[in-house]
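Q: Positions annotated as active site, proton acceptor by Swiss-Prot, on the basis of sequence analysis: Asp92. Taken from Swiss-Prot, the feature active site, nucleophile applies to Asp265. What Swiss-Prot lists as substrate binding site is Asp92, Ser93, Gly94, Gly95, Phe96, Asp146, Gln188, Gly215, and the listing cites sequence analysis. Per Swiss-Prot, Zn(2+) binding site is recorded for Cys303, Cys305, Cys308, His334. Per Swiss-Prot, region 'RNA binding' is recorded for 246-252, 270-274, and the stated evidence type is sequence analysis.
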Amino acid sequence: MFDFQINAHCSHTRARVGCFRTPHGSVNTPRFMPVGTLATVKGITATQLADTGAQMVLANTYHLHLQPGEGIVADAGGLHRFMGWDRPLLTDSGGFQIFSLADLNRIDDHGVVFRNPRNGSQIELTPERAIEIQMALGADVAMAFDQCPPYPASESDVEAACKRTHAWLERCSNTHQLTNQALFGIVQGGCFPHLREQSAQIVASFDLPGIAIGGVSVGEPVEDIHRIVRQVSPLLPQDRPRYLMGIGTLREIAIAVASGIDLFDCVLPTRLGRHGTALVAGERWNLRNARFREDHTPLDQSCTCTACRHHSRAYLHHLIRNEELLGLTLLSLHNLTQLIRFTSAISQAIQDDCFSEDFAPWQPDSAAHHTW
């Protein structure tokens, strides 16, 4: 039911083109995944989202458990039917949100107890419970429950988080029973190379359908992100999709692809769009700026999104300045289209074996400067 096939390699880097088959369709990799935390990418319908070229969307177990609850989603026929999305879905376990957002009362080897931010009640979440919730939600891919240490953290604290993550992965694997849902493990280890190597080896030993690299983009220097990805990716199974969590800038995506990463997700494109910022030609454009007031050209002549095909910079400026919701939707659609087109262009370059030349300006040793 799940299959990952590699169709092309770059002859100069570890970049590859693949196809990840799921019960709800295929995901062509490398591929950026929009984030629909609460079963929606904010301000965008499922039909509009499909028009951006999105093939797989991420939703969040923590937030959906709090509201509306996995029972309601299951009664609706699962997350796909609940949100009207018939393509692949992935649910994050909620571990990152719990350790970064929630008011933690207790964390131990059994699990975590935290305060519900909506009503103040106590909630206990264990690896088993996290998997039960994700099985009820019914996404194509469920993520193992892990402990994501903050940055900075001491080596001893990161090592303890790794041991807990590995023990929890075993419990997640034992609990997960669905054949129509793939379980992905998560590599942790902070910025410590030996802990990353150890975690990669342990997670790979579970022989799961896919593996993610977690605990990056949590405040560490970008150079550490590059180093971690370059170190960990070659340690993961060649025949499984590799997912780099929380990465959504062009440079970071290009660098990660060169290291052999296949999947990415990030709230950046939609968050920027909701704040009036468009991603154009490697730059961030603030559409509130007066320079767009009388500019009747599209944001990007080559872009296929609704905003660029039907509207001008002046109109988008007008919408954003007047806080019209349509402006936020149009910019979110544009930004998502830009990210997805970028990964599609990378894919074509790998197939043509010109990735290392065409995307050299995005690599860390390039003098070219890109703001996103």
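Any Cβ shown, glycine's included, is placed from N, Cα and C.
I'd like to know what surrounds each of these features in this structure.
A: Sequence-distant contacts (6 or more apart, same chain, Cβ under 8 Å) of Asp92 (active site, proton acceptor) comprise Leu58, Ala59, Asn60, Thr61, Tyr62, Met143, Met245.
Neighbour density for Asp265 (active site, nucleophile): within 10 A of its CB lie 22 other CB atoms from the protein chains shown.
Cβ neighbour count for Gly95 (substrate binding site) (all protein chains, 10 Å cutoff from its Cβ): 25.
Around His334 (Zn(2+) binding site), taking its Cβ as the centre, 27 other Cβ atoms fall within 10 Å, counting all chains. In the three-state DSSP reading, His334 (Zn(2+) binding site) counts as helix.
Remark: secondary structure over the region 'RNA binding' (246-252) totals 3 helix, 0 strand, 4 coil, with classes taken from DSSP.
For the region 'RNA binding' (270-274), the residues of the chain that approach it from at least six positions outside its boundaries are 34-35, 41-44, 284, 328-336, judged by C-beta separation under 8 angstroms.
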Q: So for Cys303 (Zn(2+) binding site), how many other CB atoms are inside 10 Å of its CB?
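A: Other Cβ atoms found within 10 Å: 19.
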Q: By CA-CA distance, flag whichever of Cys303, Cys305, Cys308, His334 among the binding-site residues is nearest to Gly94 (substrate binding site).
A: His334
Q: If one measures from the C-alpha of Gly215 (substrate binding site) to the C-alpha of Cys305 (Zn(2+) binding site), what distance in angstrom results, rounded to a whole number?
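A: Just about 32 Å between their Cα atoms.
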Q: List the helix, strand and coil residue totals of the region 'RNA binding' (270-274) as derived from DSSP.
A: 5 helix, 0 strand, 0 coil
